[in-house]
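Colleague: One structure follows; several queries about it will come next.
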Amino acid sequence: MIERGKFRSLTLINWNGFFARTFDLDELVTTLSGGNGAGKSTTMAAFVTALIPDLTLLHFRNTTEAGATSGSRDKGLHGKLKAGVCYSMLDTINSRHQRVVVGVRLQQVAGRDRKVDIKPFAIQGLPMSVQPTQLVTETLNERQARVLSLAELKDKLDEMEGVQFKQFNSITDYHSLMFDLGIIARRLRSASDRSKFYRLIEASLYGGISSAITRSLRDYLLPENSGVRKAFQDMEAALRENRLTLEAIRVTQSDRDLFKHLISEATDYVAADYMRHANERRVHLDQALAFRRELYTSRKQLAAEQYKHVDMARELGEHNGAEGSLEADYQAASDHLNLVQTALRQQEKIERYEADLEELQIRFEEQNEVVAEAAEMQDENEARAEAAELEVDELKSQLADYQQALDVQQTRAIQYNQAISALARAKELCHLPDLTPESAAEWLDTFQAKEQEATEKLLSLEQKMSVAQTAHSQFEQAYQLVAAINGPLARSEAWDVARELLRDGVNQRHLAEQVQPLRMRLSELEQRLREQQEAERLLAEFCKRQGKNFDIDELEALHQELEARIASLSESVSSASEQRMALRQEQEQLQSRIQHLMQRAPVWLAAQNSLNQLSEQCGEEFTSSQEVTEYLQQLLEREREAIVERDEVGARKNAVDEEIERLSQPGGAEDQRLNALAERFGGVLLSEIYDDVSLEDAPYFSALYGPSRHAIVVPDLSQIAEQLEGLTDCPEDLYLIEGDPQSFDDSVFSVDELEKAVVVKIADRQWRYSRFPSLPIFGRAARENRIESLHAEREVLSERFATLSFDVQKTQRLHQAFSRFIGSHLSVAFEDDPEAEIRRLNGRRVELERALATHESDNQQQRLQFEQAKEGVSALNRLLPRLNLLADETLADRVDEIQERLDEAQEAARFVQQYGNQLAKLEPMVSVLQSDPEQFEQLKEDYAWSQQMQRDARQQAFALAEVVERRAHFSYSDSAEMLSGNSDLNEKLRQRLEQAEAERTRAREALRSHAAQLSQYSQVLASLKSSYDTKKELLNDLQRELQDIGVRADSGAEERARQRRDELHAQLSNNRSRRNQLEKALTFCEAEMENLTRKLRKLERDYHEMREQVVTAKAGWCAVMRMVKDNGVERRLHRRELAYLSADELRSMSDKALGALRLAVADNEHLRDVLRLSEDPKRPERKIQFFVAVYQHLRERIRQDIIRTDDPVEAIEQMEIELSRLTEELTSREQKLAISSRSVANIIRKTIQREQNRIRMLNQGLQSVSFGQVNSVRLNVNVRETHATLLDVLSEQQEQHQDLFNSNRLTFSEALAKLYQRLNPQIDMGQRTPQTIGEELLDYRNYLEMEVEVNRGSDGWLRAESGALSTGEAIGTGMSILVMVVQSWEDEARRLRGKDISPCRLLFLDEAARLDARSIATLFELCERLQMQLIIAAPENISPEKGTTYKLVRKVFQNTEHVHVVGLRGFAPQLPETLPGTQAEDTPSEAS
């Protein structure tokens, strides 16, 4: 016998009046007595709070504001607590003898809302010796203690070995533990269950008949037939699911092509774009690499062009500089030629003028001599004319004087005066102041002698003059020549200078004779020098082009080396073309081979995909076509074996289904006809009577009744005898047993129970031995157990059958796949991998391209070397003949030397040309320069002075002679003597005068003629002199101009200048031609550089754009790949055969698929939106999202309970395998699961009958309950009329309403609701749906009406209402009802809890003083009979002789309020003893 769990004690910590109080609870009744305010309600409130710690339910009305419903109001709990931590704990012992302490920690929350914080907890494994108060309090001293917090309590319990502490965050977990450990009678899963439990406790606490419970007695008393309801729901759900599955299959069958089309088009749409992006990414990578290679190549080309540009710019600069210098040189040469030509013309002029000057010089000299002679003759004529004139004048004067003396008497005076005048003139002329007429004669002789002397001297001087004049003219001429040649010099230096000039002239003539040879030599040397300079320039250019400096001695060896290199390079170039041709031919062959393989690769890939699918499906690896055909044979054999096994499993499954169907019949009837016969006979199946038999008793009763376990129990066998006549629709053996179905027992047999068997004595001579069946099916529990095992077996069989069917279908499809593979791909599937060959060939192609590039580079380099070698040889060919010139290091010095000698010779030639004539003239007369002939000028002056002296002497002599002649005049006083004495004189004077006049005339005529002639001669001389001077001046000017020109005007100068100019012109033309070539090349190079720069910028831009595109695409591609791998669709999207299609073909493929997809998803808003978003070409990941969305959509559309994969493609493939099988199976399953209205009515009726029987059993326990005038209490259960009509229609008239139950659009619940509305149109169903109403109609509790009736005095049975009963009667009646509810809960929960646990039973009763002693005794008896604990409260002791009584007295001590408690056990024969712990229990409270 399982002991019932009990509450041991209630502990209050820090409650109002109770600091640390533990109430030991009696096993039956615990009474709390005391006056008002003693703490009875507080104690019960603490118990209820620990039992149901739900603040939404707790409501202690006796201390709460009346009518208050607000959640913020005090529900009566806040005022019962004291400040700080409070506890309420229940100490229990369950049926397993486990001590469990459950309780709550309470604490007031500060604020005006007066709220309380509650934390439930549980303690397991606590030793019996530990009191609850010891756990939550800490003793400080003898009079003080402290309450521990929950955390401290946890820490304290953690230190205790074997003690478990649990704190709960939800009330559901708290109540679940209490239910599992047997503390409460019902599992409180929800707030509704807690509310029912609280209403039960509340009704018990406050007593009376609770309207909240009586109105809903069905919920409290009638257990929810969850099994039946769940069976109905499962069956209906299975049917609904079956129908939905069938409909889904039909829809899937109809949409299968659409799904295939959707998957195919979505795969084409996304895979084409996926592979296009993959191809484009590879192409972009290749393009980026190509761009980078081309970029590097262009950079190298640009660098080479820049170097070339720099070289050409430098060379152009050199040529520009050289052109400037050449232009200057050419201009200088042209100017020099012009100057030479000008100088030549000047020289011709000079020579012409020099010839003219020489001729003029000769003529001038000749004319000068003529003029000199004419001048001498003129002087002589002048002297002769003057002398004649003087003689005429003297004679005229003499004659005049004489005539005057003769004519006039005064002639003496005149003569005397004339004598005096003559004396005076003589004195004056002779400078003789002492001259007298007497001394005149003496002086006359003297002066005549002097005159004679002067005349002789004059004649001598005239002779010298004549001689000196000739010498002087020669000297002057020689001196003038010397001065003209040498320049101004002293006359004394003329001889020395003339000799030097003559010696120098000889040297200069010698040098001048060397001008032409020197000039020819210089021209030759200059030509060689120019050739040497040209050779040096060529050598410098050659070294510059070769990039190395070479010695002259190395050039011949280098020439031979270059010729050898040219020969080898020409051979290499000629062989390179053949090698290049071979490489290109191999490259073309590789390209054609690659094209062929690329055309074959998609076919091979399709074959490989098919082969891989076959390998995945069969799990085998195939390496040859023979293995494929062998495996196909194995597949056929496996298919035959699987079909055989499937049929066997199907047969066994059908048998199990039939057995399950048989065991699932209502009431346990294995034959449907038994139910009809039981209704016909008005009896009950024996199996239905024993439907509640436990699983342990099922074998016994099954063996007890044996074959009659399917008998029908009827009240009277005699009444059905007539009905047995003609009975055909029945089992072969029909057992009928007479008995009361309501009180049937097994006393009809005499039974002896053996070990696992019974012996039934049917009659004196007939016994039946029956062993306990190993699988009993008698009783609902046994049937359910068997059905459960059968269901498990059926599940295994169904799974096995499904697996085998699937395997068969799979094998058949695999066979078809193998057949298709053999027909389509077997010929190519096992060939070599074309992609590997393509990769190998591509590698070889890359090697060939690299080799071609290297070959082109080498060939280009060889060509460049060949050209360089040819240029080098050409340059050397020009250089080698000039090696002697290059080796001649003294050539420039010799040119300078010859140039200097030529300059000297030309200078000498110019000197000779200029002064040769003067030197030639000077040479014969150089001797005259040895001495200056007395200085001819001085001689001329002496001659003039002597001439003057002779003239003066003549005049003096004449004057003296006149004085002497007139000496008589001084003594004569008259002239008569003179006239007479000189008459002859007059005549002589006249003759002489005539002669003198004639001489004078002749002299004058000669003088005039000579003067004219002299004038003419002088004019000719002057003109000659003027012409000479002019030409001399012009000559000097020309010579100065020639000197200013500064060139040598020789005969070869013009030719050399012209040759030099022509050479410079040729060099300038060549330089300009080269410069133009360089400019063109430079322009072309600059254009090439600009093109390369633009190309480089474009390449850099394209490369950066491509690289950025690659990087961006890589990020997007990584996101796409991540999305693809995360969603596992890479295998679907990475279709290698698409890699061989072009981007346009893939784009066309994707566009075609897009058009098809738009039509396919036109009715699906989500897929349509995702497809529209996926059309963005910049967001390829959205296409993956669309593909995933399509797959997700297909996963949602395809039943996952039918298909064993998440891959829609595989699901469709599997579904094609399963469709026909599932359709047939689900159709048969629907037929099996179909619910008949009659069976539903029977199930509901049987359930109602069973519950009615259970209520009758409960009523038997209440028959002896009496309170006051109430003699008995019972529950009356009736079926509602509307629902009874519904059951009748379901049983008898279901054919009239088959339109509802045969409709595929309505579930059975909905059809049941429609039928109920059709039968009861007057009832308003409100807003409830037919499904909800139908589910309510499937719950048998809604068919019943329950009410409590009491048998009160003379009134008999009447409905229990508070108004018709006294307070005590109502309390007793209500307590009886609550006991029934608790017992009902235990029966209902027995299947949910362990079989070894009997839960605690405890109720409350406050204000129990309203019951009389008889009613109290009845309560005590009821508690004893039902093993129930009861806590009652009353102002006074109502029954101290039974149970445990606590006397509570509230006291105030030193301003501290506490409750004094005294506990007494019930009276017994021995003296009553005080309960342990009650003497000192107030100490903590008082201490507080």
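Cβ coordinates are placed from backbone N, Cα and C, and glycine is handled just like the others.
Taken from Swiss-Prot, the feature ATP binding site covers Gly34, Gly35, Asn36, Gly37, Ala38, Gly39, Lys40, Ser41. Annotated coiled coil per Swiss-Prot: 326-418, 444-472, 509-602, 835-923, 977-1116, 1209-1265, in sequence order, evidence recorded as sequence analysis. According to Swiss-Prot, the region 'Flexible hinge' annotation covers 666-783. The region 'Disordered' annotation in Swiss-Prot covers 1049-1074. Under the heading compositional bias 'Basic and acidic residues', Swiss-Prot lists 1051-1065.
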Colleague: Quick one: DSSP breakdown of the region 'Disordered' (1049-1074) into helix, strand and coil?
Modeller: 22 helix, 0 strand, 4 coil
Colleague: By Cβ distance under 8 Å, which residues at least 6 away from the ends of the compositional bias 'Basic and acidic residues' (1051-1065) in the same chain are close to it?
Modeller: 326, 329-330, 333-334, 336-337, 339-341, 343-344, 516, 519-520, 523, 526, 530
Colleague: Look over the recorded stretches 326-418, 509-602, 977-1116 and say which has the most C-beta pairs under 8 A to the coiled coil (835-923).
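Modeller: Looking at each of 326-418, 509-602, 977-1116 in turn, the most contacts to the coiled coil (835-923) are made by 509-602.
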Colleague: Name them in sequence order: residues not among Gly34, Gly35, Asn36, Gly37, Ala38, Gly39, Lys40, Ser41 whose Cβ is within 8 Å of the mean position of the Cβ atoms defining the ATP site.
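Modeller: Apart from the listed residues, the neighbours are Thr42, Pro1435, Leu1448, Arg1450.
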Colleague: Select one residue from Gly34, Gly37: among these binding-site residues, choose the one with the most other Cβ atoms within 10 Å of its Cβ.
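Modeller: The most densely surrounded of these binding-site residues is Gly34.
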Colleague: Tell me, if you would, which residue among Asn36, Ser41 (binding-site residues) has the fewest other CB atoms within 10 Å in the structure shown?
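Modeller: Looking at the binding-site residues Asn36, Ser41, the Cβ with the fewest others within 10 Å is that of Asn36.
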Colleague: Enter the number of other CB atoms within 10 angstroms of the CB of Ala38 (ATP binding site).
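Modeller: Excluding its own Cβ, Ala38 (ATP binding site) sees 23 Cβ atoms within 10 Å.
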Colleague: Can you break down the region 'Flexible hinge' (666-783) into helix, strand and coil residue counts using DSSP?
Modeller: 44 helix, 26 strand, 48 coil
Colleague: When DSSP states are folded down to helix, strand and coil, where does Gly39 (ATP binding site) land?
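Modeller: In the DSSP reduction, Gly39 (ATP binding site) maps to coil.
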Colleague: Which entry in the list of binding-site residues, Gly35, Gly39, has its Cβ near the fewest other Cβ atoms, using 10 Å as the limit?
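Modeller: Gly35, out of the binding-site residues Gly35, Gly39, has the fewest neighbouring Cβ atoms within 10 Å.
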Colleague: Tell me which residues of the chain lie with their Cβ under 8 angstroms from that of Lys40 (ATP binding site), as long as they are six or more apart in sequence?
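Modeller: Within the chain, Lys40 (ATP binding site) has Cβ neighbours under 8 Å at Leu32, Ser33, Gly34, Asp1406, Ala1433, Leu1448.
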Colleague: Look up Gly34 (ATP binding site) in the DSSP assignment and report helix, strand or coil.
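Modeller: SS state of Gly34 (ATP binding site) = coil.
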